[in-house]
Amino acid sequence: MTGGGIQRSSANQMSFDERRSIRKSFSQELNELGPADDEPLKLTQKIPKRYIVAALAFLGFCNIYALRVNLSIALVAMTDNETAIVTGSVIHVSEFKWSKKVQGYVLSSFFWGYIITQLPGGYLATKYGGKNLFGGGVVLTAILALISPPSARVNEKFFITIRILQGLCEGVTYPAIHAVWSKWAPPLERTKLATFAFAGSYVGTVIAMPLSGVIADRIGWPWIFYIFGLLAIGWFILWCVFVSESPAKHRSISTAELEYIQVSIGYSPLQIQNQKPPIKSILLSMPVWAIVVAHFTENWGFYTLLTELPTYLKDFIRFDLYSAGFVAALPYFLMAIVVMLGGQLADYIRSKGLLKTTPTRKLFTGIAFIGQAAFMIATSYCTSKESSVACLTLAVGIGGLAWSGFSVNHLDIAPQFAGLLMGITNTIATIPGIASPIITGEVIPHKVIYLLDIQ
């Protein structure tokens, strides 16, 4: 992106000194670490602090998505028929007699709040930093999770209100983490650090879906919300203790790592703290709108499967609730692996000069989208459980390559405003999360069981 004071930063435009700094090996960094009095290094001193930030961001996204997707399993348990004996007769009842249309609104309500705080979150992250915003968004969502079960028992409107509030809190997290990486991630490590953190979303999904099924089956659906809420509060304590807003504010970062990050990025937080975002240039930028289109497209398929896959597996492919949770997690397990490996591969391609940054982003996004489309179409022709699950798993999994494409592109075109750019693109990309469950509920207004003879 050019004009309007926005700095374009890519590995192919760096000075020789920056390249030399970025390519400093891990072993060289460790040799330069250490206190002046030559005391033995503690384990936490040996680990570069940017990797600790990445690890905790990974766990943060695990919690974010666990708190988000657990409803997909909980809702099945909340509305599923249970066998009961009343006056000697066996009957089938459900705790919540919500229609498919109401369930669609319940599933989409999170995104009503989520879309509102994307832009404010981007602005606040750019102006004040992302650390506290990211942590605060997660812990407030966790607190609201703890009051979700009693709110559902009041009525569906109260429960929907809690989900909207959770969306408002989580809406700041993606812009906030981009603001964190704008200060912590060297240019040629951006993809692998950012995608490693993002992979936590899918690992969280992998853990939450089967575990939610087990929890609902063994101790009841309310504990799905209680357990994941408490885990997220525990994570928040670790985030506050071990992460700082920027490398310069970290209490125990080595001089070597601090210089490595600041020289390779090319600016310090103090140099850009009073810069005003060039809103006009951003809104007129074709690269920004290309990211918007890619982000929207990816999220339509992802959110549709995220909210509807457990129900599809139970009602259409005939898995029970326990099995549906495990099977629904398979695509996200593969996606987590692909996201992390894709980040490593993209940075390797860029660092070796095999492709410049822009072609690399286009390549990964293109492969992901074409692959997803092919396997989703193939799913509609499947006639067995195994082939259906295989195609769905590959469709979701290959989509992980897109996160080495458009999702880190904000950091390429304007790193100092990456949080704001993520807020803009994710605002539009959240529309599928609202629209998809509602449209699904309208297209399929009644529960359909065993629609096809899938063996």
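Even glycines carry a Cβ here, placed using N, Cα and C.
Going by TrEMBL, these are the annotated features:
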type	residues	note
DOMAIN	52-455	domain 'Major facilitator superfamily (MFS) profile'
TRANSMEM	51-71	transmembrane segment
TRANSMEM	105-126	transmembrane segment
TRANSMEM	133-152	transmembrane segment
TRANSMEM	158-181	transmembrane segment
TRANSMEM	193-211	transmembrane segment
TRANSMEM	223-243	transmembrane segment
TRANSMEM	322-342	transmembrane segment
TRANSMEM	363-381	transmembrane segment
TRANSMEM	387-406	transmembrane segment
Contact ranking winner - 105-126, 133-152, 363-381 against the transmembrane segment (387-406), Cβ under 8 Å: 363-381
Contact call for the transmembrane segment (223-243) against the transmembrane segment (105-126), three or more Cβ pairs under 8 Å: no
Positions on the same chain near the transmembrane segment (105-126), where near means CB under 8 A and six or more residues out: 68, 71-72, 75, 98, 133, 137, 156, 159-160, 163-176, 178-179, 277, 303, 307-308, 416-417, 419-424, 426-427, 430-431, 433-438, 441
Whole-number mean of pLDDT values that fall within the domain 'Major facilitator superfamily (MFS) profile' (52-455): 84
Remote residues contacting the transmembrane segment (193-211) - C-beta distance under 8 A, at least 6 residues beyond either end: 50, 54, 57-66, 69-70, 72-73, 177-178, 181, 184-185, 228, 306, 310, 325-326, 328-329, 332-333, 335-336, 339-340, 342-343, 346, 400, 403-404, 407-408, 411
Surrounding residues of the transmembrane segment (51-71) on its own chain - C-beta under 8 Å, 6+ positions past either end: 44, 106-107, 110, 134-135, 137-138, 141-142, 145, 163, 166, 170, 173, 177, 180, 184, 193, 196-205, 207-209, 212, 224-225, 228-229, 231-232, 235, 238-239, 242-243, 306
